[in-house]
Each structure stands twice: as structure tokens, then as C-alpha cells.
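Per TrEMBL, the features are:
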type: ACT_SITE; residues: D59; note: active site, for OMPdecase activity
type: ACT_SITE; residues: K61; note: active site, proton donor
type: ACT_SITE; residues: K61; note: active site, for OMPdecase activity
type: ACT_SITE; residues: D64; note: active site, for OMPdecase activity
type: BINDING; residues: D10, K32, 59-68, T121, R183, Q192, 212-213; note: substrate binding site
type: DOMAIN; residues: 4-228; note: domain 'Orotidine 5'-phosphate decarboxylase'
Amino acid sequence: MEKEPIIALDFPSWEQTEQFLALFDQEQLYVKVGMELYLQNGPFIIERLKEMNHRIFLDLKLHDIPNTVHQAMKGLASLGVDMINVHAAGGVQMMAAARAGLDEGSINGKRPVLLAVTQLTSTSEEAMQADQLISVPLHKSVLHYAKKAEEAGCDGVVCSVLEASAIRDACGESFYKVTPGIRLKDGNVDDQQRIADPREAREIGSTMIVVGRPITKADDPVAAYHQVKALWEGRS
Ligand SMILES: O=C(O)c1cc(=O)[nH]c(=O)n1[C@@H]1O[C@H](COP(=O)(O)O)[C@@H](O)[C@H]1O
């Protein structure tokens, strides 16, 4: 288990991101840059965050033909981020191409951790079956994707806390189980479907948790972050 909860920096601009980070008074954070921030601001965001010594999960969820993902990952690897992801639904060949791109493009001998997103935590079993025409239970689909991700050379998966222990049993302790869909008890669920609180995430065996709105939209984001962190570390 990694100590810091990963904060999802889902903001539209660097100005808003900077204002948010300034609240933390130089504290070293693990942050996630997703589509909203990266697609509107580009690699500049990564450079700034690295200058501030934050660790970075670049969450672009690549999903395309193997050659395109290979080339994209080769370029992204040179940004020097700590972790990056693809969609497992792109297939074993695509995930392996992502891994090869990272191996080729990494700088200073440091390859980003590669994760495959299984079923989004905003997806319910009913929606998965109706939208994707997958007829097995959701946990089986997630487990299947985890095994395919392992076969392709990924370091782990993004899944919900609810599937983390089955993935540990199938793919081992060191295979990353990075879990968004984290909510505090009595908090807003928003568009998430498969949720758990930070304490459950620790007890069930997440490797890392990803938390966005429960922190970024809180009246006191720093207090919310420390509340999440304390629960995650088992201190409260
Ligand atoms: O890959 C991800 O990070 C991701 C996968 C997933 O299945 N579910 C999911 O919520 N995420 C991301 O995790 C963050 C969760 O944010 P909140 O719902 O605000 O806590 C968002 O930035 C999502 O893009």
C-alpha cells in the first residue's frame, strides 16, 4: 500500500490547479492529471507539477489500435510521469504495445507504472450488461481484464475496491490495484457506482486510492485530504 492518497486534479486550468495546490503549503502530494486538465493545457502541466516535486499519475486512458498507442506512449514516457494508463478493453496486443512504447520512451531508466482500466467505477453491472453486451457478472469482467493486463505486461489495474481482493488472489500482492470511486461515509456519490471509503480500501487491499471531488469540492480541501489520509493509513 502506498501512503499518499492520489488527488485527482480535475480542473480546467492551471490557474485553478495552482490555487488548489497552494492550499497545501509545499506538502508533497501524489496527484492525478486527467483528460480535463491535460487536454486543455498539455505537457506544460506536467512540467509545473514536477518542478513542485509532486508525484504524477497521468490518466489519459488510451484506447486505440496498437501502433497508435505504442507511439503515443513512447512520447508520453518522455514526460517522466510516475504512472500512466490505458483501457484494458483495447486488448492484450494494445496493452503490450503500450508497455513497449513506455520501455522505449522512458527517460533516466525510469519507466512509468502501467495500469489498465478494467470496468470504470461509474459503471454498474446493469449498465455494463446493457451497454457493452457483456453477460457475465461485473466482477468476472474486471477479473478477466486484470488477467489480460498481467499477460500483456501491465503492472496493475484500475478497478473498484470491491474487486481488489479477487484481483490480489488471481494476480498477486505486487500487482497494483489502484482504486478510484472513493467516498467518505455520508458524502456525495456523484456519478460513481462502485464506491468504498478509504478505510475499506485499506482493509480490502487497494494498493493506492484515487480521490477527487471529496477533496477538491470540500469546504476545507486540506482537512478533507488529511481525513482521507488518516482513514487510509488506519489512524482513525
Ligand atoms: O483511471 C481513473 O483514474 C479512473 C478510473 C475509474 O474507473 N474511475 C474513475 O473515477 N477514475 C478517475 O478517478 C477520479 C475520481 O474522481 P472523483 O469521483 O471526483 O473522486 C476521476 O478523475 C476519474 O477520471
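One-based numbering along the chain as shown.
Cβ atoms here come from the backbone N, Cα and C positions, even for glycine.
A gap of 13 Å separates the Cα atoms of G212 (substrate binding site) and D59 (active site, for OMPdecase activity). Ranking the active-site residues D59, D64 by other CB atoms within 10 A of the CB puts D64 at the bottom.
Residues near L60 (substrate binding site) in space but far in sequence (CB under 8 A, at least 6 apart, same chain), listed by position: G34, M35, Y38, L76, I84, N85.
Taking the Cα atom of each, D64 (active site, for OMPdecase activity) and T121 (substrate binding site) are about 21 angstrom apart.
Proximity to ligand 1 at the level of Cβ atoms, with a cut-off under 6 angstroms, picks out T121 from the recorded positions D64, P66, T121. Other C-beta atoms found within 10 angstroms of the C-beta of D10 (substrate binding site) number 18, with every protein chain shown included. Sequence-distant contacts of H63 (substrate binding site), defined by Cβ-Cβ distance under 8 angstroms and a gap of at least six in the same chain, are V69, V86, H87, A89, G90, M94. Residue pair the residue listed as 'active site, proton donor' / D10 (substrate binding site) shows a Cα separation of 14 Å. Residue environment of K61 (active site, proton donor) contains 17 other Cβ atoms, counted within 10 Å of its Cβ in all protein chains. The average per-residue pLDDT of the prediction over the domain 'Orotidine 5'-phosphate decarboxylase' (4-228) is 97, rounded to a whole number. Sequence-distant neighbours of T121 (substrate binding site): residues of the same chain at least 6 apart with a C-beta under 8 Å from its C-beta are C159, S160, T179, P180, G181, Q192, Q193, R194, I195. Cβ contacts within 10 Å of P66 (substrate binding site), excluding its own Cβ and spanning all protein chains shown: 18.
For the pair D10 (substrate binding site) and D59 (active site, for OMPdecase activity), the C-alpha distance works out to 11 angstrom.
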